[in-house]
Amino acid sequence: MKDLFRRAPKRFTAARIENQAIPDNMWVKCPSCGDLIYTRQFSDNLKVCKCGYHMRLAAREWLGLLDDGSFVEFDAALAPVDALEFISPRHVYAHKLSESQEQTGLNDALITGSGAIEGMPLCVAVTEFEFIGGSMGGAFGERLARIIEQAADARVPLLTINASGGARQEEGTLALLQMAKVNMALTRLAAVGQPHIAVLVDPCYGGVLASYTSVADIIIAEPGARIGFAGRRVIEQTIRQKLPAHFQTAEFLLSHGMIDMVTPRGELRSVLATLLRLFHNAPERAADVQNAPALARA
């Protein structure tokens, strides 16, 4: 088993976003090592620096994991509602929604749909961190619950790719109840024997981590991803202690048994394909076992 994921990685190309603006600068500076990287080379390397630092991908770029032309989007018109007419000293929620929709071209922070990896069908949900921090509100939760139901009905695996600050505070209790709602939907997916594979990318916090991602059958994280419930600064201010430098990193969580693996972005499609192959014929294998003669008891 230890050699299961050591095959030559099959890379994926980040999907091109329509009408994407030409970058103003020809170079990108890595925030980790400070090196200047030629923009085209940086894009070809899936926005990963040679030092290993993984920069953020847009939600639609993550769809490059799927087979070309296989993605079909669901519920794109489903949009958040400002039920509380939320206003704070810093912003008006309705204005913030409009700005995020204009900036990202999305109605909300989650894209859902169906697709395939190496010909194996699945349902997928991808967060967009640039849309109010990838936060989960009412429309987000409804989209996610619907795609989980779709996966259960079609009896295919669910893949979620998650970068989020947690539940959307501007929607109050409506946002919090989505945590229970999507987890309830996941029980139906489990009942039909289909897996939920969660990929955690930097950052993944709050209600998103505390609900559907933590109960996934397989939890994968990118190297160096920050993952936790409360943020590092909040914890340090609360306990009045300095936390270790590697606290809440993907590697820290792996060493404490909280996630299953840490996978570099360039190897992710290959690892997902391997996992999907393991699950692909699971119902048939289960039926074979059920129909096999009972073992003689000692």
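Using the three backbone atoms N, Cα and C, a Cβ is placed for every residue, glycine included.
Feature annotations, courtesy of Swiss-Prot:
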DOMAIN    26-294  domain 'CoA carboxyltransferase N-terminal'
ZN_FING   30-51  zinc finger
BINDING   CYS30, CYS33, CYS49, CYS51  Zn(2+) binding site
What does DSSP give as the helix, strand and coil breakdown of the zinc finger (30-51)?
6 helix, 4 strand, 12 coil
Could you list the residues of the same chain, at least six apart in sequence, whose Cβ is under 8 A from the Cβ of CYS30 (Zn(2+) binding site)?
LEU36, ILE37, CYS49, CYS51, TYR53, MET55
Using Cβ-Cβ distances, find the residues under 8 Å from CYS33 (Zn(2+) binding site) that belong to the same chain and are at least 6 apart in sequence, listing them in sequence order.
CYS49, CYS51, TYR53
Show, in sequence order, which residues other than CYS30, CYS33, CYS49, CYS51 on the same chain lie with their Cβ within 8 Å of the centre of the Cβ atoms of the Zn(2+) site.
PRO31, SER32, GLY34, ASP35, ILE37, LYS50, GLY52, TYR53
Please give the average pLDDT for the zinc finger (30-51) in this predicted model.
86
